Amino acid sequence: MPHFTVVPVEDRAPSNYDSLEGINWVDYRDTGQGHGNHKEDSPFLNSTDATKKNDFYDKNLALFEEELDIRPKVSSLLSRLVNYTNITQGAKEHEEEESAEASLRKAPKSPNMGTLMGVYLPCLQNIFGVILFLRLTWIVGTAGIVQSLLIVLMCCSCTMLTAISMSAIATNGVVPAGGAYFMISRSLGPEFGGAVGLCFYLGTTFAAAMYILGAIEIFLKYLVPQGTMTIFHATDPHGGDSAMLNNMRVYGSLCLSLMAVVVFVGVKYVNKLASLFLACVIISIVSIYAGAIKSITHPPEFPICMLGNRTLVRDFDVCAKTVVQGNYTVPSNLSEKFCPLGNMSSAQCDEYFSQNNVTEVQGIPGLASGIIRENMWGDYLQKGEILEKAGLQSVDVHGAMENFAMYVSADIATSFTLLVGIFFPSATGIMAGSNRSGDLRDAQKSIPVGTILAITTTSLVYFSSVVLFGACIEGVVLRDKFGDAVSNNLVVGTLSWPSPWVIVIGSFFSTVGAGLQSLTGAPRLLQAIAKDNIIPFLRVFGHGKANGEPTWALLLTGLIAELGILIASLDMVAPILSMFFLMCYLFVNLACAVQTLLRTPNWRPRFKYYHWALSFLGMSMCLALMFISSWYYAIVAMGIAGMIYKYIEYQGAEKEWGDGIRGLSLSAARYALLRLEVGPPHTKNWRPQLLVLLKLDEDLHVKYPRLLTFASQLKAGKGLTIVGSVIQGNFLDSYGETQAAEQAIKNMMEIERVKGFCQVVVASKVREGIAHLIQSCGLGGMKHNTVVMGWPYGWRQSEDPRAWKTFINTVRCTTAAHLALMVPKNVSFYPSNHERFTDGNIDVWWIVHDGGMLMLLPFLLKQHKVWRKCKMRIFTVAQMDDNSIQMKKDLATFLYQLRIEAEVEVVEMHDSDISAYTYERTLMMEQRSQMLRQMRLSSAERDREVCLDQSNVRRMHTAVKLNEVIVNRSHDARLVLLNMPGPPRNTDGDENYMEFLEVLTEGLERVLLVRGGGREVITIYS
């Protein structure tokens, strides 16, 4: 135990604890925009009810005086935490803020349930169920003792490993209403939580249907006299099964309606009857053991009648062909069934009946009989196959088909995998303890101990029951699912002591009770999912009656359960709910494994006996059992979970629950980033990783959203995109503005479908901010290699030269950082994501080789649906001394090796005299530059004459000639890509540089100026 020393500090005023009326979690970092739930994000508790600042003020803490409204005293924090942990969880959702009325209500009663009443007995009640009483004997008879033990071992091992994982998660904090759903969603995130929560809900709902079908089967087969309550009757010997299923549907629907009304009227009645139902289960199980022990000396009298080696349905009195009445031997009831009109002549009787003897065999030989040797191995049957006892003599002849109903036959085809699916529901129910965590005195201790003890107890009961059934009951009786051979008695009831009625009545009430519990729990689970608001279309099911009862959720549960009842066969419903429970258990194990391997700081479970390897083993067993029991049901269940996952991912509300998947993503990202640090990417892997520089207007709206449109078309969701912007000012004063700008950019990114990151920096000068972005954006190997920025429109008219100086400074920065640069000019004319070009060309003017960017960019653009139909044309410029024909051939060969389809053209530029227009443009440019410069010069320097610089004239001549050629060839192109010349080394010529670029691109609708980063970005090699 940690030791604390408390030192008293003198103070004039007594220390004031804060009001304890409700807990409000406050995110002290940001009160504005944000995702998810701030309640779980904030490390501090705070009260918004404080009316005076003095509530927080303490002279001994004067140093922190200004922060005490957002960072409370430790005394205040601890007093609220103590109050918080005493709130009974499950009364309302853990994350809902306390309402104003909450303080007016009575303080909740302190939870006081211990391990026995709170976890152990509820788990026992949920685990023991209909399968134990109705199907376990049949499973033992069909699979044999050895394979039955294997089935029980597989199912119980799976639930035990899941219980270990669940105990770790349940003891890592408080688990409110929702149980398994809450654990998985908070460990694996809302997508997994919602998907698995709905699977668990469907499993619980189908469990209600299974229990109701079990109760109706007991009622119609064993409780009431045969045929007295049936509505549908078989019209032919082979129609008995369908008539029985129809009866099950009618009575099952009535029973479901009645149970739903009981649950609707009041759950308190269900909870009060829970103890009675549990007592029925325990008494029934004890009577089985008592009967098995008694059978050692006095086995019960349940003789079965065999014709040859075939088992007969026992609906007659004497097991013989003839009986003596007075002094006469007359045909028995049995003979009358096989021989018409009681005529015993072999010509009139059934052939098989005539040639085989009738023998009577003890149905329950007892524990000391040695029957266990015969029941060791399985006897799987096909549908309609007659139950036969090995070792009895039989003449193998075909009997008449009309007498088929006289024999006990298999109603379904059996296999090992089918039996696994049917048995697994009898191992479920382990979540009962975690669902009640709010009512436990010490949930951290009770949940692991109670759950694991309950599973151990039930596993021992199952193992011992398998052995006892195999050691006490005749094999053909075990394989007789409905007890037809033992006068329509419940097979497990024939072994019980003192009477079969103990099991029949006990199992009926236990199945009814389990059905009520499922109909009570499933709507609350759905309500917990709906209240989390992660699945929009389920919101209506979060509402209920004034007292919180989930009315709408109960209605939906009833409708889904009705689907299970319409299936009408217990053996077909059981594998369905097995799938959903196995899916839930699989993700409980995955949640524990992920949290353990990630070693997240919050993963501190009090239950220490867990390991990630055990969780992975449990997960693997769940997956294996899903596909063993029914591979097609497994695929359907996984498909349903997958669809719900994707739906929540795209449509659901964003939640931040500190889940393990987020931690897993962080770990994977860290690992990938460290791998990327090894070196620069190979040319084959190079793709433009963009830094898009956006300009915001005064209202913090994006000025040119088409830049983002262009980025999304170029990237198509691949690679890295960082959208950056600069706010001019002081960071301390502009933090709120920065947050608003980030949100505005994120909204615009969402509209334009740009998948990437946003970064806004505050700087005293815009050019410094851009330089910071270029230097510092990205992380490790995930850094941008290409900068996209807009053209400074109206730079000629602007008296302030900062706009175009910032532009040129950015060009210089990208060149210095060896980054590629793209400048879309006339970006407002670029197509939106909804437009489609059905024809047209993307023209590339390849003047200087710049690493291959000009080839790669059109190819990437053509991957997007906007540009897909456009054709690519590549123009290159030949001088007088170049061989243009050879150049065209070489360029075509180069493009072929690059696997790029494009039309190639070589344009010849002849030396010509410099035109008067060129001189005029140069003069205009230099006069403007001179004028701007003179504004900053002294009066003596203004008198200097304007004289044309010949280098400027040559540059202008090149720009004019190139522009003429480009406009001539590409005036109707959808997009023109040009090499962007670098800025002059001497900053005095910056204005001239802007003028050159204007002249070069004049008369073109859409232009993309491209400047390479100094490395090859495209290769001919594979």
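Every residue gets a Cβ built from N, Cα and C, even glycine.
Summarising the annotation, TrEMBL assigns domain 'Amino acid permease/ SLC12A' to 119-293 (among others).
Annotation source TrEMBL lists domain 'Amino acid permease/ SLC12A' at 391-691 (among others).
Per TrEMBL, the feature domain 'SLC12A transporter C-terminal' maps to 705-823 (among others).
Among the features that TrEMBL reports, domain 'SLC12A transporter C-terminal' is placed at 836-1022 (among others).
Under the heading transmembrane segment, TrEMBL lists 119-138 (among others).
TrEMBL lists 150-175 (among others) with the feature transmembrane segment.
The annotation transmembrane segment is assigned in TrEMBL to 195-220 (among others).
The transmembrane segment annotation in TrEMBL covers 250-267 (among others).
According to TrEMBL, the transmembrane segment annotation covers 273-292 (among others).
For 404-427 (among others), the entry in TrEMBL reads transmembrane segment. Among residues of the same chain six or more beyond the transmembrane segment (404-427), those with a C-beta under 8 A of the stretch's C-beta atoms are 127-132, 135-136, 139, 142-143, 147-148, 151-152, 154-156, 158-159, 207, 210, 237-238, 240-241, 307, 310-313, 337-338, 378, 380-387, 458, 462, 476, 479-481, 484-485, 571, 574-575, 577-578, 581-582, 625, 628-630, 633.
As annotated by TrEMBL, transmembrane segment applies to 447-473 (among others).
The annotation transmembrane segment is assigned in TrEMBL to 552-570 (among others). With a threshold of 8 Å between CB atoms, the same-chain residues lying at least 6 positions outside the transmembrane segment (552-570) that come near it are 130, 134-135, 202, 205-206, 208-210, 212-214, 217, 245-246, 248-249, 252-253, 256-257, 260, 263-264, 519, 522-524, 526-527, 530, 540-541, 543-544, 576.
Among the features that TrEMBL reports, transmembrane segment is placed at 576-597 (among others).
The transmembrane segment annotation in TrEMBL covers 609-626 (among others).
Through the fold, the transmembrane segment (273-292) approaches residues 121-122, 124-125, 128, 132-133, 300, 367, 461, 464-465, 468, 471-472, 492, 495-498, 502-503, 505-507, 509-510, 512-514, 516-517 of its own chain, all at least 6 residues removed from its boundaries and within a Cβ separation under 8 Å.
Counting residues per DSSP class in helix, strand and coil order gives 57 helix, 25 strand, 37 coil for the domain 'SLC12A transporter C-terminal' (705-823). Long-range contacts of the transmembrane segment (195-220) within its own chain (CB-CB distance under 8 A, at least 6 residues past either end) are made by residues 129-130, 133-134, 178, 180-181, 184-185, 188, 229-230, 244, 247-248, 251-252, 255-256, 259, 425, 428, 431, 490, 504, 507-508, 511-512, 514-515, 518-519, 521-522, 525-526, 528-529, 535, 557, 560-565, 567-570, 573-574, 576-577, 579-581, 583-584, 587, 637, 640-642, 644-645, 648. The predicted model assigns the domain 'Amino acid permease/ SLC12A' (119-293) a mean pLDDT of 84.
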